[in-house]
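According to TrEMBL, the domain 'Hcy-binding' annotation covers 2-289. Residues or ranges marked as Zn(2+) binding site by TrEMBL: 209, 274, 275. Annotation comment: TrEMBL describes 321-566 as domain 'Pterin-binding'. As annotated by TrEMBL, domain 'B12-binding N-terminal' applies to 593-687. What TrEMBL lists as domain 'B12-binding' is 687-812.
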């Protein structure tokens, strides 16, 4: 973090400005025009907005560059003006600061409007380059800091943040948007966001947009207890509604200011406001917090790794020892080895589910099969299981090229297995760990092999920790494997391993890990030996065990060992575990997908592959069903449709997140492509026609695209008109297609008025269409105000509303 920013945050509560869009709307900004284009055509208007916020008490103003990446500007034919627009915006903001005599300029970077692979079609490298172009432009123009804001996908934030930290010297604020359930729209919780973004080099962790201040209280509390970095909070001004043709927000400046004070009392260091706010909000916030003193936090955290939606902590001095599932590994396992060679993931996926079900909190992923393309296969495995279970992954490879590619695409904070004390290993693996914000397993071996004594192993561990620090990797991101040798060959080495565990923890204060089952290799009755050694290792201080969680005796040893070593105080975790085993507690201890069982028939098999989002298996199953003489419509109605309906239910209750929904949707799309020729021979292929569009002036279509896919999966004929669609085109296509329903989406508050216009056109022309609306800018109240037939908060609800409207129509 830059010294000026550090001193500013320590000296006062820093006040950010408010919304740019609201101010543009007040200046009669035309719908459909590029907001960032006004930096070139209306610089005096933008400068006036900045000056008004500075006069109201803002310490930092945010530039009008939220959508100034090439991808966003391309929608307006301005993608060749990235540098020009960004330079102009920063110059305008700096002039406002100079005129006022005080203030700092934060260059705004917003989302591209596209989802990164595998959830969408935007490659990570392309996203990185797009953000890099904007970062270089705003850095050259002289901004004081960068704020990456309103990001809903952790992988897009990773691309933007890496582009910023690697191509600019400026401090970077990383701001995610959270929904009412406290997660981003792709499922990331605040703790996980903090864990991932902190290690990628963010100077400040932030939250903005999506909801009002009331809905952000728990998010802010979680962020404060998840990082020692400064926290910035910028909520929307309540919920939007339409008044006399204009979008207004329900929250008052006074209410926003009250919450700003609350956020500071919770531990936030910086406060501001987002959509719907004005300089009056900034003034009210300033008055509330100007006398408050910043709270400096100095919390201790253990080693933390994360998937997209969950964080696992391995703490050497508090917390429970952690089970690392070892079974996604082809070594000595012919079936999984052959499947990996063929690009099949069936066993891998089953192992991921079963190990998570059994209590694994991290999954080791090893794809080291001779002659295989390890780089490609590692990514395939990661993408195959990351939407199936929420468990963080340990990427088991010593190949730098494999790790570089896998770490880049992993949507969280991975644990790398491993680096060792050899200089070549340290110099090739540690830079990757640092760049991608990962954690790493350090093996206590070097060019001479595995040392015989505990002291020598400690020396290698100390070298790894010291070398990691030189690369900027804190010891909180290092876990040491003191290496257990086989008792049959070197029984004297067992005691040295246990002694090394204790030495490493006491002297280096880092957690330890072991591949426990190595101890019994070559001996009979291995299942009896492993738990005994595990109990000895736990007594020595072991923090994580790479083991088979499907062996119940090993899991019992972990649970009981935690009690007997006083890590499970009051035996709370053990009691819950015992209750579950006795059937007294049916609620699972971790969030996960329903366990798959052997299918009794083809319909249940199809149901299961949709539930698992396994699009590789769905077509072979359909072929099998057709070969058996099954009716294509029966395959659809008895297998596929119930599967996607169950996915919708799991998404609705919070068991599944958007990645699982998309994966299941892709599986259904694949199934329809195969079934469509068969269904075309029958009369009842679709149940209704719906025309979908993002309204005129709005270029956001991620949510609308997801809705379209899910509607198609439920046998609607979907006519997707895309984004920025004129009202007249929507009406004309609905008439041409003889549509039953029109579905409209809007993300921007400035464009939601188009929805009202479409509804009025339908009513005025006495057309038979029902209009459903959705999108971040609207809510159910707004739908009622404009006379829409329905509102859907997400894709699953959109299907339910559409089906309900069809039923009403058939009844009438």
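Placed from the backbone N, Cα and C atoms, the Cβ positions cover glycine too.
Note that this is a predicted model, so its numbers are computed, not measured.
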| task | Could you please provide the mean pLDDT value for the domain 'Hcy-binding' (2-289)? | result | 96
| Additional residues surrounding Zn(2+), by Cβ distance to the 209, 274, 275 centre under 8 Å | 19, 150, 177, 208, 210, 234, 235, 236, 273, 276, 277
| field | Set of same-chain residues at least 6 away whose C-beta sits under 8 angstroms from residue 275 (Zn(2+) binding site) | value | 19, 21, 22, 209, 236, 237, 240, 249, 749
| task | Mind checking which of 209, 274 has the fewest other CB atoms within 10 A of its CB? They're the binding-site residues. | result | 209
| note | Reading the DSSP string in three states, the entry for residue 275 (Zn(2+) binding site) is coil
| the domain 'B12-binding' (687-812) - residue tally per DSSP class, helix then strand then coil | 58 helix, 26 strand, 42 coil
